[in-house]
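Taken verbatim from TrEMBL:
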DOMAIN    46-158  domain 'Ig-like'
DOMAIN    165-260  domain 'Link'
DISULFID  211-232  disulfide bond
DOMAIN    266-355  domain 'Link'
DISULFID  310-331  disulfide bond
């Protein structure tokens, strides 16, 4: 980009752009108390309107998605200046929005993790839609589409929801051993991220019932209960999400609720007549030109690909699990799920491997 244009874009992203006169007029209406405070702003002339989808936009990990955004004027007119468009992502902890993309005319700059993945879709008049390619787990959330025409600055928000699965996670150290930052790390190590409240709520509505409290992405600690019981908040409470509220991110320790989405590859099972140690299992996956599967990958294969295998196998974190899509005798409880044998220090098992397509 020319230096002047790049500087202008940076001014826009920081919010310190110069005002432009565009022929619009403002009439300040004072409040009835006569104390000099403004009650509202009455705009005489054309009004800029920005609209996005009122319904969430659904996608999955690795896919491409378009977040729609259009703008128009009431009454209709043509702008005298180049329209500026800014896309940002609202953070789960309500801190400063994450910059995604800024555009002037047909020239744009993407920021951070969105570099090389985000661009504008402007095939129709007054369209400001955002295209995100190779969708990642952390892309899930609420986005703001902001349109700036001189002094006029209007925006609307749209939600991107990834189709995925929430699973509770305890590390080998056992229950309630993770602070917030450690919970973030262990989820990432398992091919997942910390779940948001909306993702946990969706999982609860689909049947997730878990009595141990876990970290969420906003720094709160919560847990989902479908069947109230004494040791899980008491019998007197209705089913729902139990909340401990915000907790100290360094000092307090709980489990984690992780979120994983669709897979770009496949999870498959390997066995040996005598079973395998964890190190032997890792080598077997490498020999098959794959890698030992992570917990998030096993959950995703179970939920989205219907993976069903009654034999237990090693996973990358040293746990032994197996996925059951069709419950049957000698394969654990009567409901579908991923069975967990914990982190055995001894014993030989098969292994679940993961291979990219």
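A Cβ is built for glycine as well, from the same backbone N, Cα and C atoms used for every other residue.
Note that the coordinates shown come from a computational prediction; the quantities given were computed from them, not determined experimentally.
In the domain 'Ig-like' (46-158), the DSSP tally of helix, strand and coil residues is 6 helix, 60 strand, 47 coil.
When Cβ atoms from all protein chains are considered, those within 10 Å of residue 331 (disulfide bond) total 15, not counting its own. Mean model confidence for the domain 'Link' (165-260) is a pLDDT of 96.
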